[in-house]
Every structure is written in C-alpha cells, then in structure tokens.
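Q: Okay, these came from TrEMBL:
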{"type": "ACT_SITE", "residues": "Glu80", "note": "active site, proton donor"}
{"type": "ACT_SITE", "residues": "Asp209", "note": "active site"}
{"type": "ACT_SITE", "residues": "Glu318", "note": "active site, proton donor"}
{"type": "ACT_SITE", "residues": "Glu343", "note": "active site"}
{"type": "BINDING", "residues": "Thr429", "note": "Ca(2+) binding site"}
{"type": "DISULFID", "residues": "Cys272-Cys304", "note": "disulfide bond"}
Amino acid sequence: QMMKHAWDNYKRYAWGLNELKPISKQGHSSNLFGNIQGATIVDALDTLYIMEMKEEFKEAKEWVEKNLDFNVNAEISVFEVNIRFVGGLLSAYYLSGEEIFRKKAVELGEKLLPAFNTPTGIPWALLNIKRNWPWASGGSSILAEFGTLHLEFVHLSHLSGNPVFAEKVMNIRKVLNRLDKPEGLYPNYLNPSSGQWGQHHVSIGGLGDSFYEYLLKAWLMSDKSDEEGKKMYYDAVQAIETHLIRKSSGGLTYIAEWKGGLLEHKMGHLTCFAGGMFALGADGAPNDKTGHHIELGAEIARTCHESYDRTSMKLGPEAFRFDGGVEAIATRQNEKYYILRPEVIETYMYMWRLTHDPKYRQWGWEAVEALEKHCRVDGGYSGIRDVYNNHESHDDVQQSFFLSETLKYLYLLFSEDDLLPFEHWVFNTEAHPLPVLHKDDGNKEENQK
C-alpha cells in the first residue's frame, strides 16, 4: 500500500520527471541526473516487479521503451546514474527477461565509458554524456563514487559480451592496490590525474560507504571466486575495527570518522548500512571470526535503532554524535533532517535474514509506523527537516530511493527468505538485485551463442 501511494502520486503529478514534490504536487529534478529523466520510474521497476504490481510495472516498461533517452546534453553524476539507472535497468532485465532493459542498460553503460579517460583510469565524478567532457569536482574523485561501479560494470560485460566494462573497474582496483594506505585505511579522495590521495579523511558513511560494500559484494557476486575483492574487504574491515570502531560510555558501538589521524565521534545515517554489511560478510570472515562479525552487525544495528528511538518522530537524523555526554543524537541543526533514507532498515533486513531475531522485524515495524505518521502526505511521502521537533516540517521531496530501497527493504524484511535469497542475489547499493554469476555462466553464454 505504501508503494502504491508513492507510485500513484508520482504518476499523477510527476510522471516522466525524475522525482515528485509531494506537497506542491509537481515534479522535482535534481542536478544529479543532468537532463536524463524518469529516475523514479527506473529506480522503482524491480520493486514493482517483486511486489507483483503488474499493471504498474507494465506502464513503467512502456515509458522506458518510448521515452528513456540518454542523448541529452547534460552534466551527470557517473555514480548516481550508474547505481540508479544502470542498476535499475539490469535488475529489471534479470527479473523480467524483457530485452528492452538489457538494451538500455548497455547503451547507458557505453555512454559512461568516457569518464574513464583519465591518466590513471580512475573515472571522473562528472561527465557530459553528449560531449564526452569528464571532470571531477575540485580535482578529486570520491572513493564511494569510483568504487561503486564494479557490480554493474561486471554485469554489463556479462550481458553485452564486451569485456571493456569489467576491465575498467578491475583497473580501479589495480590503482588502489599500488597505493600506500594510511593505517590500512582508504582516504575518501583520489586525484584521477596524479593517482594520489587527497586529504587523509576516512569515512564509512558518505564519500566512502559503498566502496567497502562493493568489495564484499563483488566477491559474493563472483560465486566467491574473486579472491582479490575478498582480501581487500577483510583487510579493510580489520583496519576499520582497529581505527574507527569505538564504544560509547553508554555502551553503544559506533563507527567514527577519521581526519588525518584524529577521530570525529560522529556517525552518519548512511554509515548504518555497515551493520548489514558486517553480518553479510560474517560467513567468509577469516580465523573463526564469523560470530564476531555477526555481533558487530548486531551492535551497529542497535546503535542505529537508538538514533531513531531518541528522536520525537522515531525516525533517525542524517548524522548523530557521541561527544560531550551526548550519545546517538544529532547536535547540529543541519544534521537533524531525515530524507526517507533506507540504510537503517537495510541493516534490519540483513540482520533478520541472517539471525531471525524477531526484534529486527519489530524495529522495522516501528519505522513503518513513523513513516506513515510523519512522512505520508496526500501527495506521496516527504522527508522531514527536524526529527526532534513535534511538528512536521516537510522538505517536499519524495526521493527515488524511497521506492527503490526503503520500501523494498521493508518488504523483504517481512517476506520469506526465499524471495531473492542471498545465495542467488546480491543487491547493489541502490537495492537493485543482481544475480550471482556462477563460474559456468560464461560457458553457458558461449553455448547459447
């Protein structure tokens, strides 16, 4: 019902545009996608399919066939277009088998390739897909951005028969492996021309987050044959544990940010995905550390639940702090907003599937009730400006990731484990499921030719 409310209102007021403004009941276009349109449609395809909203899926597919156009003169975020559009199209193809989705995914993948034309092969952050002018903001590319192309590009090579996509992302690893890492940590900025790190800031939240997730998921998606990805992931987790994971005086485990050796005791909502990541990676953890990784996941889940529970609205702030006697609470006005983000619910979903502890469903249901009470409006769902205030001040944006991630993870949290089982599917960072590529899949493709 929540998905239907979000989708029907998008359709009514913003059809074909990127996102919906649910209060003003009109379209919203962020500059992330340049002039490419339809982000909500492409992002929602697989959720509609999984929820068996067949009519809606059909109209979305027809829109993609007739209207999804990449020949636009516009500067786009390579990262956002990859995770939402390429990821959304790939998933829609793998779930439905409809050829149009494969075709569009490969076409868009080809448009992103010029971003890799740098001295190092580390892609620029921004690209004009009509003129092939790539550039990076402030000269550096961001770890989470160039590190979050791997899953999609491996699948683009798999589906197109063109090895170039996979080669581009494997090269990114080569560059990273050659570099010295401070204390084994990966700084958030890398200059694509010089191949050197920018300032030594490290975060498992924004700017860093999905790089780590993709190392683990690359290994899982390769049917556990990508040993390099596996080693990079577990080495990184070891460094994160040593240098970033701390316990507050009240006993909450959190992941701090690292600035040139100094810790900032702040955790972003985005960082909350890491609970699910640690639990998902527990099975392959070295030296009998499986239980330890699950426990780490559970502790992060608890801390993130506290960040929700300690607000008036029972929805978590964008960032929360552990200093000056404050724990898991946002202390700055510009960190008190909630934009319908999925990360905490994502961790509940992984923890539920991997432990079946009923508290994760309980916590998920609390989030559903809070979303219904505070974010649902006549025209859809809106983010909130201050989760500590008793009076809603809405930001008037229904983010495309609300349909792609937040509602999908909630649906999966309350579904049986055999819906998109983890042994067959890996979720990209926008919650688009991609199939595990079994070692014999390559030969199967050959035989089909």
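Cβ atoms are placed via backbone N, Cα and C, with glycine included.
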Q: In whole Å, how far is Cys272 (disulfide bond) from Glu343 (active site) when you measure between their Cα atoms?
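A: So the Cα of Cys272 (disulfide bond) lies 5 Å away from that of Glu343 (active site).
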Q: Provide the number of Cβ atoms within 10 Å of the Cβ of Asp209 (active site), excluding the reference atom itself.
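A: Around the Cβ of Asp209 (active site), 25 other Cβ atoms lie within 10 Å.
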Q: Just to confirm: which same-chain residues, 6+ apart in sequence, have a Cβ under 8 Å from the Cβ of Cys304 (disulfide bond)?
A: His269, Cys272, Gly275, Gly316, Glu343, Val344, Thr347
Q: Of the recorded positions Asp209, Glu318, Thr429, which one sits closest to Glu80 (active site, proton donor) when you measure Cα to Cα?
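A: Spatially nearest to Glu80 (active site, proton donor) by Cα position is Thr429.
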Q: Of all the recorded positions given, Cys272, Glu318, Glu343, which residue's CB has the most CB neighbours within 10 A?
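A: Max Cβ neighbours within 10 Å, all protein chains included: Cys272.
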Q: Other than its own, how many Cβ atoms are within 10 Å of the Cβ belonging to the residue listed as 'Ca(2+) binding site'?
A: 26
